[in-house]
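In what follows, a single structure is set out as C-alpha cells and then discussed.
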Amino acid sequence: MHFHERFDVIVVGGGHAGTEAALAAARMGSKTLLLTHNIDTLGQMSCNPAIGGIGKGHLVKEIDALGGAMAIATDYAGIQFRTLNSSKGPAVRATRAQADRALYRQKIQNILQNQPNLRIFQQAVDDLIVENHQVVGVVTQMGLAFESPAVVLTTGTFLSGKIHIGLENYSGGRAGDPPAIALANRLRELPIRVGRLKTGTPPRIDANTIDFSQMTEQKGDSPLPVMSFMGDVSHHPKQISCWITHTNEKTHEIIRGGLDRSPMYSGVIEGIGPRYCPSIEDKIHRFADKSSHQIFIEPEGLNTNEIYPNGISTSLPFDVQLNLVRSIKGMENAEIMRPGYAIEYDYFDPRDLKNSLETKAINGLFFAGQINGTTGYEEAGAQGLLAGMNASLQVQGKEAWCPRRDEAYLGVLVDDLSTLGTKEPYRMFTSRAEYRLLLREDNADIRLTAKGRELGLVDDARWAEFSEKLESIELELQRLRGQWVHPNSPLIHALNPHLNTPISREASFEELLRRPEMDYSKLMQIEGFGPGLEDPQAAEQVQIQVKYSGYIQRQQEEINKAVRNENTGLPLTLDYKEVPGLSNEVIAKLNNHKPETIGQASRISGITPAAISILLVHLKKRGLLRKSA
C-alpha cells in the first residue's frame, strides 16, 4: 500500500542524528518525513545525560552555527555547565553540560513539531525500495510504502541489536525497544561492507540510597557558560551538583571474580567496544596496575531519583553489578533501578560513503550516526545535519557540500571515516584535528554560519544576530588598531600599574592587548581605554584574534599549502591497476578505499608522496585533473 504523498527527503530514526537530519532538510525547504518507531522517544538520551566535552563540544557548536537544535536544547535542559580545559589555550577549551533527560527530550520534540516542511510518522521501517541503484522509498512494518528520491538512515544501535547482561542476551535496539531485524537483513543485501560493534551503559542508581557526604562535590562553573550562540543564561533550568567517588581493590576483586560470566571475556560478544569509553571490567583487565578508577555521580534530571554513575559501564551479571556498586564509597547501601548492559549492533564501513555521507553503491541513500561506526550524541548529530543537508541539496539538483579538515571538526570527522574507516566506535577529540587553533568552539559561527546561510540552514533571526556580532568585532578591532598611547600621554598613569614593564614608545591599544599580562576585560576597565564590547562572545573573539594573530596566520599559511591538491578529484570508476608506476600494495589500497580526492588518497595508510605524484601525472596525461566542490 502506497502512502498518498511523496516526500523530497525521508529520515529513518529519531535519535540525535535523525532529528538533526530531518530539521536540516526541512529548514532548506525540502518536504521531509521523519519515520520513528516511537514518537515519545524522539530526542532520547539513550546513554549518559550529558552533551559536549573535549572535541564533542566543538561539534555541538558547529551544529549550532549551522542552525541545528542540539545546543539550543542543551541550554534549556542543562542542569550543570562547565568549561573544560579552562586554564589551557582556546583551541582545546570545551563546554560540557549535564542535561535533564526529560527536559532535553521535550525541547527537541517541541522544535521538531514546530518545524515547517517536516512531517513525523510513527512506524518502524523494514525495507528500502531500490531501482537501478537509486533509492526510491521505504516500506514500513505494516507494509506502507513511502516514496522519496533521498533517504537518510540513522538507525543507532537498532540494526540486529543484541543486549547482553552476563551470559544472558536478547534482541533489542536499546533497553525497552525492539531491534530492527528486517531492515538489517535488507541492508546486508547491499554491496556495502558490514561489521559488528558494541557499546554499553552503567546501572542506574537510586539517589535516595547514596551517601553523598562520603563523596567529593563537583559544582558547575560561575559565571555559567551557554552552549548555543543564540543561548542565554536565562534559558538554563535550576543548576545542581555532581559528585566524584572511586572504585577500590575490593571492587576490582568482585569484578575479576565475575569475569567468567562476562559476555566480553567469555567470547559471547563479538563486536568491538569504544576504546575511550571502556567498560569497568575492561578497565580492570587493561589497567591491572591501577588500584582505583574515578566515577562521576551524575543526576539524570531535576525530577527523578535516577543517578548515572559515569565510569562503571558494565555487562556483568546483575548480582555482580550489585556487589561492585555496593563496594564503592558512598554506595554501600545503593539500590540499582536499571541494570547496566552491553549492546551489539551492525554498522557499515564508512569508506563506502562519499564525504556527503551518501553511499557510493546506492544513489540517494545516506547514512548518519552509529550506523557509520561512530559513538556519541554529538558525532551523530553532526553527521545527521550533514546528511540531511546533502539529501536536500541532491533533491534540489545542487552539488553536495562537506567542510574541509581545516574548516570544521565535522570535516575532520567525515574525512577520517570516509578515508580511513574504523574498526571500533569512533569518537571525536581535539587531537584528531591538525589545524585545531583555527577550529575553536568560540569561532564556530564565524567559520560556518555564512555558509549555513548560503545553504539555507540559517534562519533570519540567527543571521541578524550573527551579522551584528561580526560587525561589532570588526569595528572594535579597527578601534584598537587605530587608537594609540605614547609615554607622555595622560592615560599612562592609569595604564602603567597594570603592565609588567612601562611602555617606552608609542603603542596601539591592540599592541597593549597583545601583552601577556593584559586581557581585554582588564584593558577596558582602565580609564580612557573603554568602554569596550558588552557582548562577551564578541569580546572573546577580539581578545583571541589579537593575542593569537601570529599563530593563526602561520597555521593559515600551512593550510594554503596543503589544500593546493586537496580537492583534486579522483574518478570513482578509476581502476588503479591502469596507473603505471604504482606498487601492488598501493593499487590494492586505492581500489579498496576508492578515495574521492587526492587529499583523501594521501591520508590512507601506506600511500606515499611518490604514489600521489604518480597519480597526479596520470590524471594530467588523461585530462582528468579536476577540482571537486
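Along the chain as shown, the residues are counted starting at 1.
The backbone N, Cα and C atoms fix where each Cβ goes, and this holds for glycine too.
Residues annotated as FAD binding site in Swiss-Prot: GLY13, GLY14, GLY15, HIS16, ALA17, GLY18. Cβ neighbours within 10 Å of GLY18 (FAD binding site), excluding its own Cβ and spanning all shown chains: 30.
In the three-state DSSP classification, SER279 (NAD(+) binding site) falls within coil. Here Swiss-Prot flags 273-287 as NAD(+) binding site.
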Discussion item. Cα-Cα, whole number of Å: GLY273 (NAD(+) binding site) versus HIS16 (FAD binding site)?
Written reply: 20
Worksheet, complete the sentence: Min neighbour Cβ count (10 Å) across binding-site residues HIS16, ARG275, LYS283, HIS285 flags ARG275
Practice prompt. Given the binding-site residues ARG275, CYS277, SER279, LYS283, PHE287, state which is nearest to GLY14 (FAD binding site) when distance is taken between Cα atoms.
Written response: CYS277
Response to the item:
Rounded Cα distance, in Å, between ALA17 (FAD binding site) and GLU281 (NAD(+) binding site) is 29
Worksheet item: In this structure, which of the binding-site residues ALA17, CYS277 has the fewest other Cβ atoms within 10 Å of its Cβ?
Response: CYS277
Fill in: Pairwise Cα distance for GLY15 (FAD binding site)/LYS283 (NAD(+) binding site) [Å, integer]
29
Worksheet entry | Shell list (FAD; ref centroid = CB of GLY13, GLY14, GLY15, HIS16, ALA17, GLY18; cutoff 8 A) | VAL11, THR19, GLU20, ALA21, THR36, THR154, GLY156, ALA368, GLY369, ALA380, GLY384
Discussion item. Of GLY13, HIS16, GLY18, which is closest to ARG275 (NAD(+) binding site) if I measure between C-alpha atoms? They're all binding-site residues.
Written reply: HIS16
Worksheet entry | Coarse DSSP state, helix versus strand versus coil, of GLY273 (NAD(+) binding site) | coil
